[in-house]
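Presented below is the structure to which this report refers.
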Amino acid sequence: MNHSETITIECTINGMPFQLHAAPGTPLSELLREQGLLSVKQGCCVGECGACTVLVDGTAIDSCLYLAAWAEGKEIRTLEGEAKGGKLSHVQQAYAKSGAVQCGFCTPGLIMATTAMLAKPREKPLTITEIRRGLAGNLCRCTGYQMIVNTVLDCEKTK
């Protein structure tokens, strides 16, 4: 394969249709950042930190491990797509109000993971164990996670 080859990817990003071009091995995180979506952080680049978490068809994924080519025909949501009409989403508001995070590097990934977790249909409220499991792929070096878990609990109570 010629390394200068590109593929065309048609997808929806934050509700807008896109036709993008990328090399076949390009990670989705890189492609999204090239579109100016800087909430998609490039942390570890090996799926360990969760800073690059986005939603693909409603499922939280590590976009550093997800090839851009796989986004063909998919609905992608980043933190930038969560606010509507200049108003923060319910989850964004909860994180801002609680002060659950400190430096902010992990915040976009945590918000997207929380959004996906809360969107899943359930018969019972999430338990603390389920929340911790749901956020396990998102590292935060500044906190002990309890305020983050409490924020998710608050989000669920008020949704």
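Positions of Cβ are set from backbone N, Cα and C atoms, glycine also.
Residues annotated as [2Fe-2S] cluster binding site in Swiss-Prot, with sequence analysis given as evidence: Cys44, Cys49, Cys52. Cβ neighbour count for Cys52 ([2Fe-2S] cluster binding site) (all protein chains, 10 Å cutoff from its Cβ): 29. Secondary structure at Cys52 ([2Fe-2S] cluster binding site), taken from DSSP and collapsed to helix, strand or coil, is coil.
Residues annotated as domain '2Fe-2S ferredoxin-type' in Swiss-Prot: 7-82.
Mean model confidence of the domain '2Fe-2S ferredoxin-type' (7-82) amounts to 97 (pLDDT, 0 to 100 scale). In this structure, of the binding-site residues Cys44, Cys49, the smallest number of CB atoms within 10 A of the CB marks Cys44. Highlighted in sequence order, Lys41, Gln42, Gly43, Cys45, Val46, Gly47, Glu48, Gly50, Ala51, Asp62, Cys64, Gly109, Leu139 have their Cβ within 8 Å of the centre of the Cβ atoms of Cys44, Cys49, Cys52, the residues recorded for [2Fe-2S] cluster, and are not part of that set. Here the domain '2Fe-2S ferredoxin-type' (7-82) has, by DSSP, the following mix of helix, strand and coil residues: 14 helix, 27 strand, 35 coil.
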